[in-house]
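Quick notes on the structure that follows.
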Amino acid sequence: MAAKHAASAPYYIFYTTIKDARETHTQPYSITFQEILDRSLGELKCSLQINFMVEIGWLLAQYYFAGYSEKKLTILYGDDCSDLKNIKAKKPHVDAHYVTMATPFGKHHTKMMILCYEDGSLRVVISTANLYLDDWENRTQGLWFSPSCPELPPEAMPHDGESPTFFKKCLLRYLNHYHLPNLAYYVERVKRCDFSHINVFLVASVPGSHFDQDWGMTRVGSLLRQHCAVPPSENAQWPLIAQASSIGSFGKEPKLWLTGDFLHNFTKIKNQSQLLSTPPPLKIIYPSLENVRQSHDNLLGGGCLPYAADCHAKQPWLNNYLYQWVGDVSGRSRAMPHIKSYSRVCSDSAAFYLLTSANVSKAAWGQLNKGNGALRIMSYEAGVLFLPQFVIKEDFFPLKRGAKNRLIIPYDLPPIKYTPDMSAWVSDYLR
């Protein structure tokens with residue numbers, strides 16, 4: 001796995017291997033959970049799993065098969081589960097903490113791993129997959145698997161080993177937001193490691209009202225305003241492609257949030273005031289009923305797409321923005337997407353790529369308070385933003401097959417619009 005990981009530079013992006021799609025089994029950018037724990041990447045000392053849904057029997061089996069059945073494991077989880085509540089009595093090396101939320105609309109939705117090794121180094125994984133079997137079999141998931149972050153010399157200060165993207169500072173800010181003693185060891189390990197070669201930006205969400213631009217959609221907007229190189233004269237030719245596994249409730253018309261503050265932040269560019277400009281087109285890739293019906297698991301493939309019929313009925317205008325899930329380019333058309341990704345694409349180039357746990361929703365990205373300008377976020381989320389200047393020292397990522405430093409996106413481009421007879425998948429089809 002070490003050679004495969006090294007070959008994934010400079011992106012270090014992987015998509016999960018699809019059980020029923022043989023061509024994905026040999027792709028250099030496909031990955032299984034076992035490969036994440038492969039010994040060629042380092043001898044694991046302990047690990048932190050931050051996630052939403054955790055099936056502890058499956059997760060412990062993964063560590064067992066990797067030869068790490070007694071290694072210290074800390075779990076933060078968001079989906080209440082009786083098996084995890086008393087796990088320490090059965091497995092003393094496992095420390096599990098349920099993250100309570102202030103509102104039922106908020107979810108502890110982050111998918112992150114911090115893998116600490118015996119030599120003092122660590123790696124960070126930012127993922128879209130829950131920790132249970134189905135999410136690692138026939139669903140399209142994405143993850144960023146960091147290069148090794150070696151231990152700093154003993155005399156180094158905690159803020160040493162920072163990256164040009166301030167990844168270390170942002171990761172510490174996210175971890176410290178929990179205020180959990182369970183995380184003290186991992187916070188200390190992050191402080192003691194060198195992140196100077198990390199080339200991505202951490203984009204996270206935490207619940208609360210935020211006046212800074214450190215979280216959610218204003219974090220995205222702030223970074224794009226500084227670094228996105230789309231020329232102002234071409235702005236309309238670079239649509240925002242928002243690809244998700246669920247969709248929020250946006251109100252009676254798109255401008256109330258979706259084509260308002262959300263699109264505004266995700267289409268910011270350098271050197272231009274957006275106040276008078278028309279925002280670029282928005283294309284939302286989300287599976288249709290027909291896409292799901294043709295999946296490896298037939299209608300059960302829609303089990304990872306929790307968009308509800310009553311929500312969709314209140315926003316029929318959304319159909320104008322919907323595009324099909326088609327992933328022939330990566331062998332994943334029949335593997336329903338639990339991945340979430342955002343990009344602006346024009347012909348064979350991408351201006352940025354954001355891989356994240358965050359769906360297209362106010363709970364995940366936040367809603368601006370018109371009175372005081374605060375961004376109200378309900379959920380925990382985490383993603384990584386790839387900006388060309390930091391990753392490949394160019395203005396745009398090449399997407400064309402065979403191009404040097406090609407960025408691999410799992411869906412086909414340009415996106416294919418729903419046909420008039422298509423309807424969005426809703427979870428009610430499984431009832």
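Using the three backbone atoms N, Cα and C, a Cβ is placed for every residue, glycine included.
Annotations in TrEMBL come from automatic prediction, not curation.
Annotation for His109 (active site, nucleophile): spatial neighbours Phe52, Gly78, Ser357, Ala358, Ala364, Ser379, Tyr380, Glu381, criterion Cβ-Cβ under 8 Å with sequence separation of six or more. Taken from TrEMBL, the feature active site, nucleophile applies to His109.
Lys340 (substrate binding site) falls within a strand segment according to DSSP. Annotation source TrEMBL lists substrate binding site at Lys111, Lys340.
Taken from TrEMBL, the feature active site, proton donor/acceptor covers His338. Spatially close to His338 (active site, proton donor/acceptor) yet at least six residues away along the chain are Thr128, Ala129, Asn130, Asp135, Arg139, Thr140, Gln141, Ser245, Cys304, judged by Cβ distances under 8 angstroms.
Sequence-distant neighbours of Ser361 (site 'Interaction with DNA'): residues of the same chain at least 6 apart with a C-beta under 8 Å from its C-beta are Ser246, Ile247, Gly248, Ser249. The annotation site 'Interaction with DNA' is assigned in TrEMBL to Ser361.
The Cβ of Lys340 (substrate binding site) has 24 neighbouring Cβ atoms from other residues within 10 Å, across all protein chains displayed.
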